[in-house]
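Okay, so here's the structure we're looking at.
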Amino acid sequence: MGKFEDDGNSESVPLTRQRSESLASQTSTDSGLSIASESFMKNHKGGNTMPTDGGDGDRYLDVEDGGETGLDEPLISSGTKTGSSSRLRKIVWLLVLLCVGGWVLSFVLFLTQKRPDTAALSSASTVEIHEPGPATGGTSHGKPVTLEQVLSGTWSPKSHAISWIAGPDGEDGLLVEQGEKQDAFLRVKDIRSSEDGVDNLETRVLMKKGYIWFDGEAMLSAKTWPSPDMNRVLVMTDIQSNWRHSYFGKYWILDVATQKAEPLDPGNLSGRVQLAAWSPTSDAVVFVRENNLYLRKLTSLEVTPITKDGDENLFYGVPDWVYEEEVFSGNTGTWWSDDGKFVAFLRTNETAVPEYPIQYFRSRPSGKQPPPGLENYPEVRQIKYPKPGSPNPIVNLQFYDVEKNEVFSFEMPEDFVDDERIIIEVVWASEGKVLIRETNRESDVVKIFVMDTKARTGKLVRSDDIAALDGGWVEPTQSTRVIPADPKNGRPHDGYVDTVIYEGYDHLAYFTPFDNPEPVMLTKGNWEVVNAPSAVDLKKGLVYFVATKEAPTQRHVYSVKLDGSDLRPLTDTSAPGFFDVSFSHGAGYGLLSYKGPAVPWQAVINTQGDEIDFINLIEENVELAKMVEESAIPTEVYSNVTIDGYTLQVLERRPPNFNPEKKYPVLFFLYGGPGSQTVDRKFTIDFQTYVASNLGYIVVTVDGRGTGFIGREARCLVRGNIGHYEAIDQIETAKIWASKSYVDESRMAVWGWSYGGYMTLKVLEQDAGETFQYGMAVAPVTDWRFYDSIYTERYMHTPEHNPSGYANASIDDVMALGHSVRFLIMHGVADDNVHLQNTLVLIDKLDLKNIDNYDMQVFPDSDHSIQFHMAHALVYERLSSWLINAFNGEWHRTANPKPQEST
């Protein structure tokens, strides 16, 4: 189900695992620049001075849970997301006190009393809320958050897309910006200060306009990739989406000096290219067209075919659907060696993979018109989609010798057999060596190979049996960093930094030489690194990474030396925070992104000293901060509950003007996929915010067992039986909330999208109407035998090895679903990820048992995100109106309809 890509709308993210998609060290050749980034706004001098959060401290509260606050959040009033003026707040409260002083005094006395809410189950921890003063309702002033604002992106923080690039002579501190400035659409800036003792390079404009001219026609740029020497730019136009991460387009080579463009392949102007990448030496481009790999040397207008037999079943250099979605979360399967002499690429044979038909009733994504007489038939796209137990694509790694114009491959000792192998990472090292990471089909054995392309030999350097270690699995990651030998700096051998399992948590380890089975552990403790490492400064011998060291819900940036000493934070850990970072080519500079809990900001930092220095604050989101001041934002209460000995993170969103003497309906929002995370400290204004702010309902989210960043024991417990423990944790937490004095236990609902849709149905099935009366499931899996093999078998094994687990995990007890008051199911008809088959099979089960307490809506031609014909807005409008009807009791009236007498 791909990596968990948090785009600020997590409920619509397809079935994924959480990886907190770091901006880790993007270079200009990693991905095309497609988002505008304006020039720097402010210059900050003064050492390690963070931009201030500002604002009142009552939007969210930390909650003590049975004396276990040390497990996550400190028992303090944490930072804020509001950014409003504290002086103005004092004036407002003074006026309130003058007007209703006696009432406020009695209210404060009431609130300062400890009022424990007894848990419904003895296995769950008692929660005591400690509220700092009378501001229990949070920001009650202002206008409620509207659904239109959420859907239009009005509440989305602004962020800037910049990519780092090494200078022609390896200079650090150069970044590529793309924007709309006059005659400076794409430019390279040198952010190094004269204080660093370097001569700054002049800002260089690579592309003056956001379009190119060729043969009298202007074509708008969709993506751009500067060459490493910055003399040319690879430009893509006419982009056409394929799957979630892949696309087609026309590619051009723009000469920076003349600003003239030529086709990537002058002999084929109409060809749709799937992928193109510069050589590190800037003298060639490798590209994929119609699943074949080609090379264009800039000294010639001719292209050289590297492969010739690519077709609809045989892919070269690009992943097929399942590898794109579940392994790489991207569109590339091609990797240049650092010296530009070799190209490594995947050969994917999916001949044996069964097809699944995707039907389109209102559109024709192929762009082709049907033959006469067939206009009234839907277009059908057959995709190769391996389901659990069915044949997977057979993937091998091949190499191309640029000088010899030769394709070759060679056997690796102790390799997996073809139908067991999943290649999850390819990393070039020095002198023609390359690291290959593979897993078996069920993703519980990982092997690391080192291949020597010059000697054409391979060696197994590491093998980890994850199933034997903790019964879990390994996630496909692409963050390994090669550390080249440097005897002068104490590194006699090549090595690499990798994430490994250490004492039940994900930590960083340094392996040197490659085949050393005993690594240097760089991090240790009851916390985890995230998509690490982020970067390595080879000059200083420092490894930078993001981790949950302060709390599972937080992210801070740290550094540690290659010998494992001197681990220190780069960000302020004295208050809750959620940071991300991307580093420059040499890791001397970085783009630091603060994502919450206050209004997000971005700054360029200098990491060359003992402490970080802020160079430029490039985004403060001033307008967003003003919106927060003027809006009625829910109070967020962070706490944790303990279920069966596991401490789980909980977020409660309380409506503005929250009154503890009232009875509120409660909506549980969940995702719950293996390794995912929904409760975090990011600034988020989403559908859940709208529900609390505008509809006045309480919204609760709990990350149950199986989710990420609370240790592998809690995560791996769900293997082979997904849905079971996760549903228990939602139900147990819901019973705790149902017992609270301010909750109406007769009005409780649960909702989710994708894996969250599956979990919604699983919760309703296991609960059987005891706790939850309502549920809303969007694009749900209902039987894991219907989902793709690589994702499902990672957590469930194959159906052959675990038939009872698949049976237990399916939504099968429809009689239990019938005990809820009502539930809603929505699905896109053209969903290539979670097929409509899931919903249709469940509907048939309901029909067979005459269960009719549900509503269903499908969206023609919409995929997993449900976007076709503006359907995304329709989904949320339906969720909102359906929930209002539920909590208003309308579905009780429809349960046993009676005819009215005629008048």
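For all residues, glycine too, the Cβ spot is worked out from N, Cα and C.
Quick look at what Swiss-Prot annotates:
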type	residues	note
TOPO_DOM	1-90	topological domain 'Cytoplasmic'
REGION	1-83	region 'Disordered'
COMPBIAS	10-37	compositional bias 'Polar residues'
TRANSMEM	91-111	transmembrane segment
TOPO_DOM	112-903	topological domain 'Vacuolar'
REGION	121-143	region 'Disordered'
CARBOHYD	ASN268	N-linked glycosylation site
CARBOHYD	ASN349	N-linked glycosylation site
CARBOHYD	ASN640	N-linked glycosylation site
ACT_SITE	SER754	active site, charge relay system
CARBOHYD	ASN808	N-linked glycosylation site
ACT_SITE	ASP831	active site, charge relay system
ACT_SITE	HIS864	active site, charge relay system
DSSP-derived class (H/G/I helix, E/B strand, else coil) of ASN808 (N-linked glycosylation site): helix
Recorded positions near HIS864 (active site, charge relay system) (Cα-Cα within 10 Å), from ASN349, SER754, ASN808, ASP831: SER754, ASP831
Most Cβ neighbours inside 10 Å, all chains, among the glycosylation sites ASN349, ASN640, ASN808: ASN640
Three-class DSSP secondary structure - ASN640 (N-linked glycosylation site): strand
Candidate with sparsest Cβ neighbourhood (10 Å radius) among ASN268, SER754, the listed recorded positions: ASN268
Cβ neighbour count (within 10 Å, all chains shown) around ASP831 (active site, charge relay system): 23
DSSP three-state assignment for ASN268 (N-linked glycosylation site): coil
Spatially closest candidate among ASN268, ASN349, ASN640, ASN808, ASP831, the listed recorded positions, to SER754 (active site, charge relay system) (Cα to Cα): ASP831
Which recorded positions sit within 10 Å of ASN808 (N-linked glycosylation site) - Cα, from ASN268, ASN349, ASN640, ASP831: none
Secondary structure at ASN349 (N-linked glycosylation site), reduced by DSSP to three states: strand
Euclidean distance between Cα atoms of ASP831 (active site, charge relay system) and ASN349 (N-linked glycosylation site), Å: 24
Inter-residue C-alpha distance, ASP831 (active site, charge relay system) and ASN268 (N-linked glycosylation site) (nearest angstrom): 33
Averaged pLDDT score, the topological domain 'Cytoplasmic' (1-90): 39
Alpha-carbon spacing, ASN640 (N-linked glycosylation site) to ASN268 (N-linked glycosylation site), which is rounded to whole Å: 60
Where SER754 (active site, charge relay system) falls in three-state DSSP terms: coil
